[in-house]
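Right, one structure below, let's go through it.
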Amino acid sequence: MRGTYRWRRQLHIDCIYMQKLNYLPQPINELQIQSTAYSSKKSLSRKRQSRAAADMDVVSWNMTISAHMRNGDCQAALRVFNSMPRRSSVSCNAMISGYIANNKFGRAKDLFDKMSDRDLFSWNVMLSGFVRHKDLSGARALFVRMPEKDVVSWNAMLSGYAQNGLVDEARDIFDKMPCKNEISWNGMLSAYVQNGRIEDARSLFQSKMDWEVVSWNCLMGGFVKSKRVLEARRLFNTMPVRDEVSWNIMITGYAQNGDMEEASKLFELSPSRDLFTWTAMVSGYAQHGMLNEARSIFNRMPDKNSTSWNAMIGGYVKYQRMQMARDLFDAMPSRNTSSWNTMITGYAQAGDIDRARSMFDSMSERDSISWSAMIAGYAQNGRSEEALQLFVEMERDGERLNRSSFTCSLTACADIAALELGKQLHGRLVKAGFHTGCFVGNAVVAMYCKCGSIDEARDAFQEIAHKDVVSWNTIIYGYARHGFGEEALAVFESMKTSGIRPDATTMVGVLSACGHTGLVGKGTEYFYSMSQDFGIVANSVHYTCMVDLLGRAGRLEEAENLIRNMPFEPDASTWGALLGASRMHCHIELGEKAAQVVNEMEPDNSGMYVLLSNLYAAKGRWPDVGKMRLKMRNKGVKKVPGYSWLEAQNKIHTFTVGDSSHPEKEKLHAFLEEMDLKMKNEGYVSSTKVVLHDVEEEEKEHMLKYHSERLAVAYGILSIPVGRPIRVIKNLRVCEDCHNAIKYMSKIVGRLIILRDNNRFHHFNGGSCSCGDYW
């Protein structure tokens, strides 16, 4: 529409230009022609007749140029322009306008620079071109050079500043304008609203009385966007004239804020309802879980478009009413890509990833959102390798990689610790220009943290141009999980200095950092001051962190008292932290008490049985270990099998205890036998108490020797080039004996070994671990 208007305006200017020169006479009837024919012949000399004909030709040529430009055929327009025996400034203006409209700004600038007879229109068109191409420095320079300026010139500069978020500069232009029109006032008002400066918008609005309805709507929309619905309603009530947009803004404002009762009242009072009004009501009800009301409005709609159908389907999907969503999807007369994407996302979020994939494969057309939704579905459902495989397929298919696809793929890399692939993705997103934004940047930081490369995580964090609270939380929690508590707290202090206000998640990271490094005093201070300092009320996760902090330090009585005095009922995780601390410090009575509570809350929690079994085994109470196994068997509770994996030669290698399926198992077992002898010569002694079986010591030692984490480390030593860290991941907590053994292995082979278990990272180097054996 805008393009059509622009070209009509250009033709209108051509006609006005010729009319002013008396070359385009007004339409006349046949009698007038007869009565004036003789006088015309008499008054016009041959020379003037010739000039008039030539000028009429110029208009015709100009209209042809405009037509070619409107159709996007710049070459045809240029051929006409070059063949013209005579040109006017309008001819050049038509070419410049056409080039700008067809994104050939360089050619427009070249032609403008060559013009000798520029008029005000030429300057304004060129000025608008600079603004359109976001070259504000060029626009400023041209504006200063202009021999004369009109309100269009000033409005172009105001628009340029406003579109680029330079609101103060826009206001400076506005204040300096010698004269203003409605476009000037509305442009300034819109600049304030679009950039969230609602108070400035209100002040500007109050400084003038005769606003158009579109201006009232603009300010009212700003209040709605800022969730200031009451102020929007006051403005709505005082409007001298309302149109459909006014009613729609107000109805949408109430609907988006969940006040469906008021939205419904306005909906019924609305003098006319368009498709947007009906859809706003459907969407409002659906997004706030009022699905029956949404369906009632949906069924009453006189007309529906794809947005209406998708709003209703989206409501069903959000509240996991997938069968109803599918029935409605199947009934849609015409589905668009968004409809398919909504269903794919719904199935993926419901855990039905295979059905999501079936729909994805059935799509006739996919967009980047389709691919990203499917990649996210695989990543969220623990099928990280399939997520990464789909990312590769997306790239091969020629689909544009967007922020979401990169973020989901980076998350998948983090889950399986595929560092090399993660680095490749990081390189690609840098080339795509996404690396400085916090959305993708946060995913990069998280990937490096979870893959065990904390130094690269720090570098990626520093590259983020505008860090948000998630950026800071990610790096703080990364340092905490790696056991670098002091570094985590230093980043926390930098966060406060930067002006970013910590949130509840920040304090979880801070308390975890204190817990992993034994900073009991610091952690206690942060816990009891976060409400006063940051207005953060402690939740169950914060209390769990404190129980873990006190429990690890052996202050079990304090940890239990904290649980007893919580302002709400402790959950299974909080009691589980106390159980873990009881096992660590071999406090059987407290461990049994905690295990009983966890069992009542989560009877299928295998971790509770394992922790208590470990506690009994450490004390040699084998009959009790047997009873725990029998309980698990009778209740159908299965222990999660332990396994470890690492990335080597661009492949993920997975190991289980005593693994005999790996193609290089004989080589691995021989290496571990040899390593065991070297370790014993260095002073290593097996910690057989961690074996949960009542067998001979020699058999226990043999069982420990082939734990999954030790097999993975051995494979890393044999296959990863010297000088590169060996990064191993285990799905469960590393056992005490393997932790001790890997310290010796790092010393003997002179390698950095980084192990991530389900609790934290361990950096083994030169015979010691970064955790300081505090884990």
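Cβ coordinates are placed from backbone N, Cα and C, and glycine is handled just like the others.
Residues annotated as domain 'DYW' in TrEMBL: 683-775. Here TrEMBL flags 57-87, 88-122, 150-184, 212-242, 243-273, 274-308, 336-366, 367-401, 468-502, 539-569 as repeat 'PPR'.
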Intrachain residues whose Cβ lies under 8 Å of the repeat 'PPR' (468-502), provided they are six or more past its termini: 438, 441-442, 445-446, 448-450, 452, 454, 457-458, 461, 508-510, 512-514, 516-519, 522, 530, 534, 536, 760-763, 770-772, 775
Distal contacts, the repeat 'PPR' (539-569) - CB-CB under 8 A, six or more residues away: 504, 507-508, 511-512, 514-515, 518, 520, 523-524, 527, 530, 575, 577-578, 580-582, 584-585, 587, 590, 774
The repeat 'PPR' (539-569), counted residue by residue under DSSP: helix, strand, coil: 22 helix, 0 strand, 9 coil
Number of helical, extended and coil residues in the repeat 'PPR' (88-122), per DSSP: 26 helix, 0 strand, 9 coil
